[in-house]
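See below for the structure under consideration.
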Amino acid sequence: MDNYSEALSYYQKALEISKKSLLPNHPDLATIYNNIGAVHSNMGNYPEALSYYEKALEIQQQSLPPNHPDLATTYNNIGLVHDSMGNYPEALSYYEKDLEISQQALPPNHPNLATTYNNIGLVHSNMGNYPEALSFHEKALEIRQQALPPNHPDLATTYNNIGAVHDSMGNYPEALSYYEKDLKISQQSLPPNHPDLATTYNNIGVVHDNMEHYTEALSSYEKALEIRQQSLPRNHLDLAESYNNIGVVHENMENYPQALSYYKKALEIRQQSLSPDDLDLASSYSKIGGMHDSMDNYSKALSYYKKTLEIRQQSLPPNHSDLAESYNNVGEVHNSMGNFSEALSYYEKALEIRQQALPLNHCDMVYSYNNFGIVYENMVKYLDALAYYEKALEMQQQSLPPSDPDLAASYNNIGNVHKQMGNYVEARTCYTHAVQIAEQSLSSDHPDFQQYRENLEDVKNT
């Protein structure tokens, strides 16, 4: 920060001197405005950065030809600031102006052109336009492969960006392939404890986790953590990310005490480094609440879930899906504690948001209806339970393949209610459907499959 302040002071003095000796539209003034904007951008002072970049642009538009490379640079700088502020459409607009000039002013394989393609790809990725993002990143890659040596860090960055898009699209083997290309270059071009190397190990861990390769995920995450522990301050947020990710793998492996330990380490850093209403803090509280819930520590789970809810109520729009998730989680704990009226109240809030924010057959809508069914079943209100379970099943039938194991679970739920109502013929029909689907989608020793078969046997002779 001191270096930035010092740089700012020098640039401001240069600006004062230049204003006295140069015409107001002199290109050198634009250069100084650009430099001041860059310092503010590096300091995270984005509105100030934008103001100086726009002053530079105004001068350049008056003093330079319309296809001058310096104009392209300023458009790119303004795009970067909008990108950092999350103003993605504005960022895209400025990057495209940069591209239009760069395509005319530079040779087709110029590295600056690759940088522009890369920036446009990143914005499309942030906007969820993954095919477009992939297209631009591949253009950047094509140029960099021709223009740069094979171990250049910019090539590693491009491989990383393409891997990230494939990961977001669920193309996990492709994502892994590109991340490993990034890793190979980074291992050759960076010192062994460089934070960028940790980022690559972390990304590889994410893909393995998504592919349910938990041992490999854990190995990659631990390599990332080891580097970050050696190269970063103790309260750096990337360390919190590493602890959190290792916790996620342990959670997926049902090692709940280990997961809880890592989630607490992540929380400790975030509490010291983030504002009290930061959404990453809410995420940590939610993770810890989930572990206590899984370990049947319901009072603790409720406490952490309510902390999550409080932050999300302050920081998110009222119809945000994460808010619905929080209401749902609080409802689930109340249900587990036998507080059925409270559970219903929170489930209703979750459902209300989801009905406004999600498509009709979204899996979270199914989840909400299913939760209502569970509470009403626990309250021995079987007709109500049946109505909600059947709504959930109807949605699943429209959105899932016929052999999906979630369908088997829904048939089993409906069968359970019919059995408790003494409707054994209907129960038998539902359990049969559950078993038939499970035969196609689950292993013979899967506990759910075994449960469905036991349920069917129980009603066969009734």
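Just so it is clear, glycine is given a Cβ too, placed from its N, Cα and C backbone atoms.
According to TrEMBL, the protein has these features:
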{"type": "REPEAT", "residues": "30-63", "note": "repeat 'TPR'"}
{"type": "REPEAT", "residues": "72-105", "note": "repeat 'TPR'"}
{"type": "REPEAT", "residues": "114-147", "note": "repeat 'TPR'"}
{"type": "REPEAT", "residues": "156-189", "note": "repeat 'TPR'"}
{"type": "REPEAT", "residues": "198-231", "note": "repeat 'TPR'"}
{"type": "REPEAT", "residues": "240-273", "note": "repeat 'TPR'"}
{"type": "REPEAT", "residues": "282-315", "note": "repeat 'TPR'"}
{"type": "REPEAT", "residues": "324-357", "note": "repeat 'TPR'"}
{"type": "REPEAT", "residues": "366-399", "note": "repeat 'TPR'"}
{"type": "REPEAT", "residues": "408-441", "note": "repeat 'TPR'"}
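DSSP states for the repeat 'TPR' (366-399), grouped as helix (H, G, I), strand (E, B) and coil, give 31 helix, 0 strand, 3 coil. Beyond the ends of the repeat 'TPR' (324-357), by six or more residues, the same chain brings 282, 286, 289-290, 293, 296, 298, 301-302, 305-306, 308-309, 312, 318, 364-365, 367-369, 371-372, 374-375, 378-379 to within a C-beta distance below 8 angstroms of the stretch.
Averaged across the repeat 'TPR' (324-357), pLDDT in this predicted model comes to 98.
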